[in-house]
Amino acid sequence: MNLLGLYNYWIYIFLLVVGLYAVFVKGNYVKRMIGLGIFQSAVFLLFISMDKVEGGTGPIFRGVPTEGQLFANPLPQVLILTAIVVGIAVTSLGLAIAIRIREEYGSVEEADTRRMDDQS
Amino acid sequence: MTNQFLLLVAIAIPLIGAVVTALSGHNRNLRDSLMVGGATLGFIAVLSLLPSVLDGSVLAVNLVTMMPGLSIAFAIEPLGMVFALVASGLWILTSVYAIGYMRGAQEKHQTRFFACFSIAIFAALGIAFAENMLTLFIFYEVLSVSTYPLVAHKGNEEAKRGARIYLGLLIGTSIGLMLPAMLVTWHLTGTLDFQSGGILQDNVSRGVGAVLLLLYMFGIGKAALMPFHRWLPSAMVAPTPVSALLHAVAVVKAGVFTVLKVSIYLFGLDYLESLWSSDLIMWVAAFTLLAASIVALQKTNLKARLAYSTVSQLSYITLGAMLASELSIVGGGLHIVMHAFGKITLFFCAGAIYVAAHKTEIHEMDGLARKMPITMGAFLLGALSVIGAPPLGGFWSKWNLMLGAADAQHSIMIAVFLISTLLNIAYLLPPVIRAFLLKPADGAQSKPGIEEAPLFCLVPLTLTAIGTFVLFFVADPIRGFIGTIFGSVM
Amino acid sequence: MMTLYDQLPVLVVVLPLFLAPLVATLPSRGKLPWLVATITTALTFAISISLVTQVLETGSLTYLLGNWPIPFGIGLYIGPFSAMMALIISGASLAGLIVSASAMDNEVPAEHQSLLYSCWLLAMSGLIGIVITGDAFNVFVFMEISSLASYVMVANGPTRQGLTASFKYLVTGTMGATFYLIGVGYLYMMTGTLNMADMAVRLEDVSDTLPVIVAGGFLILGLAMKAALFPMHAWMPNAYQFAPSAVAVFFAACSTKVALYVMLRFQFQILTPNLGNHLELLNALIMTLSVIGFIAGSLIAIFSDNLKRLLGYSSVAQLGYIVLAISLGTSAGISAAIIHTFNHAIMKAALFAAVAAMVLRFGSSKIEDLAGVGKQMPLTMLGFALAGLSLIGVPLTAGFISKWYLIQAVLESGTLGILLTLLILTSSLMAVIYIWKVIEIAYFQPARQELPPGRREAPAPVLIVLWALVLANFWFGIDPELVLSLARSEAVNLMGVGK
Amino acid sequence: MMTFFGFFTLTMVAVVAVATVVSSNLFVASMWFGIFSLLMASNFFILDAADVALTEAAVGAGVSTVLFMGALSLTADKESIRQGRRLLPIVVVAVVGLVLLIATLEQPRLGDPLAPVHQHVAPWYIEKTPEYINIPNIVTAILASFRGYDTMGEVLVIFTAGIGVLSVLSFKPKKRASISSEELGQAIRGLQHHAVLRVVGKLLIPVLLLFGLLVQFHGKYSPGGGFSAGALFAAAIMLYGILEGADRSAKAMPQKVMINLAALGCTIYTGVGVACMLLGHHFLDYNALWTDPQIAQYYGILMVEFGVGLTVTAVLIMIFNAIANRATY
């Protein structure tokens, strides 16, 4: 259990790496946004993994709270609710820009747009 | 009005003159007369400061203090006074001459030219009266920048290239070497003020001080110590009045003046003498002095030859400073004056020759004296003065420098001075000899009769030539006046 | 019962935040959105001035949001540096807005302006929100507000390159923010709190553990991306070049500096005491990057043929100076960093204001197109030249004060200091070269295109802003006391030792 | 059992993530990405984060997938094979991963009750929420009151995104977006020719709306709140748009109205805060609103949550319409 208790964090790291890789390597603007999405989700996982308490329940009172009743940590959840909305905001803006780029340049591949910018 | 105020006025007049010139550009007669008027006014203002300095009272103005130990402040001390007098005095003649030259040669952008010209003088006065290194530095840079348009005046590629080298070297050395030296100085001493006896010796180790000296001496690019002398010849693309201003009055003199100030008031002679690098600089100066003269020998273009002669003459003063004996310092101070008059005469003549006969090469000048006797006569005087032959002013400065060398037990430097004197003769007299003794090569188009340059040019060069002669007799008071730096009137 | 005076700390961000959505709903035609935005900004500017005075008189201010005790609620913390940053941000925004009064119409279609000005206010309040908060996560939230608004403004640039620039900016910015969030996450994991001051205290139990070191690394890395620190700078020159000129005035003065502010807060308030011997490693890393940054930045600036781009790269270099000062880890370093932050803001704002005017008249910011601008727009070009002197660091200008303090701070570190000094001066020389390059073309070359007589000099509002900023450059070059005192007291706050 | 299920879904997530990145057909990729979000959501649920799970499901799996689809229909559905330099990125990424991996060794284990996160601030929330605010859902309490300032910033982020997308996409395109005719028709007509889909879909819409309402106003007792509710409403509208055609949904709710609603939402939130100030309390100190603090908090939270829901809904619809109707220019 000791090391398995880190499994969540390892997965988060893996997702982070995959997402970053996509952002760095992919030339397609839409694909990059997807990579960015994965990258951000990784961070969600990081935070949410912190909130778990062994033998605890979700941070919602059902009936009267008994003594020694364990709850998951509500704070990371709040933060990630926020972060998720940031994520969708960034994604939608990025996609909108990508659409315009396609209209202006006729392509959503960075290689093409850069070439055209260099020519102009 | 108080002397403090007068001091500020004296510095401000050229600046105001620049503005007035720029505004009155539409009417050139008005403009030019205003400029000459301003120059005269400036000279009078500076002159009127003389008495208060002579009676030894300290005259200082603190304009702004940015940080403790960092301020824009002015103060008058003998050396600065001399430099200021030379600059503002020759400014009058140069501007008169410039008017004649520019009109004679139908140059363009005359207004810009004259405006920058005045700013340059403003900067020179600022340097002369600077009370601390920072102030000096500021005006030093103003001088560099304000003379760029003058050098680049012709506007063709060659002029631009020359001007870039000019500015690049001056700014580069000052920011790359002098500024760090200042920063370290302030870091170690907490001040940049000029104090008699220097500010470094108490709280800077000899090792650091030696490095600082190197930074300062090579950082003062205007003193044209080799290998940072290239800017001077490349500035030769400028119109001749500019060369006169650069090589006799403002720029180069500002350089060597700074050298003297730094040596006397930042390092102090005793401390300076104790640094290993002062000997090194001395040898560099000696080398520059001889090498430049030899280069001058090969130059066939008159202005180029004069330029290298200047490089060599400046090293006299640097060398004098490094000898770090009172006599040699005084000799250096004197040389600022003497060389100023001698060299400006030579350049005036070169310009006059160009305007009247359109000749720039020395071999073209055979028999020129028949056409332009006055000019060539003045040239002879100037040359002799630079060589240092009595009864001309140049003699005294060299004399004092040699005494200083003896005084500082560097007798070998006396030899250096003597050799260079011979070289001076070798490169300065040929033009005169050709002009007076040989007969014109091209007999065809040479019709008899006088063809002097316009009066505007002729009068100033005559006056300066006479000046070199007069200075021989009034040298002693000046010498004494500079001597008061060290308290003792020699 | 709280008076208005007590509410100022939160009003400085709430006021624009409250009005921004309204601006978006205003009719786009006409100057109404601009007017509202400008008035709001002016008020914000006034508030930040009073905040600066408050801080100078009574020391740092704190404000509990929702009146919940920290660390459980979010608390605002306004120290000297925060107040100064708020002043810079609102001031830059005001300058930019005044410029945009005449410069925006020919770059952004009218029907978008209400949205644009709404974003402008959001960006401003976001940036201010970052500098006045005392909560690590809250920084992230406001970072996102300002960043998103900035992406939008860049994307609305006149040319299509605005879009690619904006996308690049968006990707880098989001990565930076997320890295920052990771760092905060690790700190939270080890301390259980999000309040910076509280973090600093509670980290002592776990100082020098791996997660804390990682946190430090990620925080610095993320903020470096946001601050366009070399080599994460690629987005910035593009963003400045292709954004609407007026927006560039605003950004150039403050946007990246906010990230540096946060970096400085974390560096000294949280990391320095708790990284043990790994701190030197971190500092050494940052220092190397900053040095490469300002040398490379200046070098590229020399060879760039577009004025906006040139200034962008010069900003890369200038930010390098600030980061170098931070990396020294001394109180002199803090002061130097703060001083240069302020001075660089006023000089860059002035330069970009001048450029905005030239673009307005010549329709291009290519340097060779601006030949002879010195004759055709004398006042503008003179302002540019003077601000350029400040950028170089000529005495009597604000730039000189910055350089002076920076170098004095650097010299404290012995032989290394000498080397750094020489490098700094080298890059100053490069600054001389690239500014001179512009001046030479502007003054000593025949004009490429003759402007119609009526439209030569820049419009009055731009000139007013430009010259106000230029005069500020000289004012703070001659009497830097205000900036110095703020810097000193911040240094005392962060290091406990005054200088 | 639960932990095992956790491992399983986590592993799945990792696999799906790889699949998302490698598949060069972008439609497929965005589908994978939707599944990825769904798995993520279920993970969050396992980790006792019901609110987050709900929001992630609605936003990540629902909305963002739709947006990606719309975007792809306007750009290109395949990415070109040629890609940038690989070596440097791989090295950088590997280093980052390695560093983090090492760091995990000194991290507290999953669910460790003694971890610092569970010591300092969190217990206070759990302890004080009943006393100060007295609503069962602690997350909502923190979100809307203790850290209400963050949430306000959040609303403005989403608002910024909304007007941003609008300002970027309301430019008249210089040339028609070059997409195939049936894609174009698709975008306009939606799925009108698929009768079955339409009927089923139509049935879904009211359900979504109802669920949204529940989440919105019951969010203080059970998981939910403005964000997830707004996402659900928006999802319903999007479904309508997909079925009936984006032009219809756009006609039904014109952008101008949406902007005003979004702005209204923000203004409600900030307005509540300002009201507290005017009443002489701190910004967002709901206790100003009523004599009894608990009731005051209750209504304060109610109002700001409504503001959140309004803005999120309006903005998401705005974005959807902007992207979907791009094709119809």
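Glycine is no exception: its Cβ is also placed from the backbone N, Cα and C atoms.
Summarising the annotation, TrEMBL assigns domain 'MrpA C-terminal/MbhD' to D:12-75. According to TrEMBL, the feature domain 'MrpA C-terminal/MbhE' maps to D:116-175. The feature domain 'Na+/H+ antiporter MnhB subunit-related protein' is assigned by TrEMBL to D:196-317. Taken from TrEMBL, the feature transmembrane segment covers D:7-33, D:53-75, D:87-105, D:155-171, D:195-215, D:227-246, D:258-284, D:296-324.
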Q | Same-chain residue ranges lying at least 6 outside the transmembrane segment (D:155-171) that approach it to Cβ under 8 Å | A | 255, 258-259, 262-263, 265-266, 269, 307-308, 311-312, 314-315, 318-319, 322-323, 326
Q: Go through the chain and flag residues at least 6 beyond the ends of the transmembrane segment (D:53-75) whose CB is under 8 A from any CB in it; none is fine as an answer.
A: 26-27, 30-31, 33-38, 40-45, 177, 179, 183, 186-187, 215, 223-224, 227-228, 231-232, 234-235, 238, 242, 316, 319-320, 323-324, 326-327
Q: Compare D:7-33, D:195-215, D:258-284, D:296-324 by their Cβ pairs under 8 Å to the transmembrane segment (D:227-246) and return the stretch that comes out on top.
A: D:296-324
Q) Based on Cβ pairs under 8 Å, which of the stretches D:7-33, D:195-215, D:296-324 lies most in contact with the transmembrane segment (D:258-284)? A) D:296-324
Q: Would you mind listing the long-range same-chain contacts of the transmembrane segment (D:296-324), meaning Cβ under 8 Å and 6+ residues beyond its ends?
A: 63, 66-67, 70-71, 74, 132-135, 140-141, 144-145, 148, 151-152, 154-155, 158-159, 161-162, 165-166, 169-170, 187, 216-217, 219-220, 225-227, 229-231, 233-234, 237-238, 241, 246, 249-250, 253, 255, 258-259, 261-262, 264-269, 272, 276, 284, 286-290
**Q.** Mean of the pLDDT scores, which run from 0 to 100, over the domain 'Na+/H+ antiporter MnhB subunit-related protein' (D:196-317)
**A.** 85
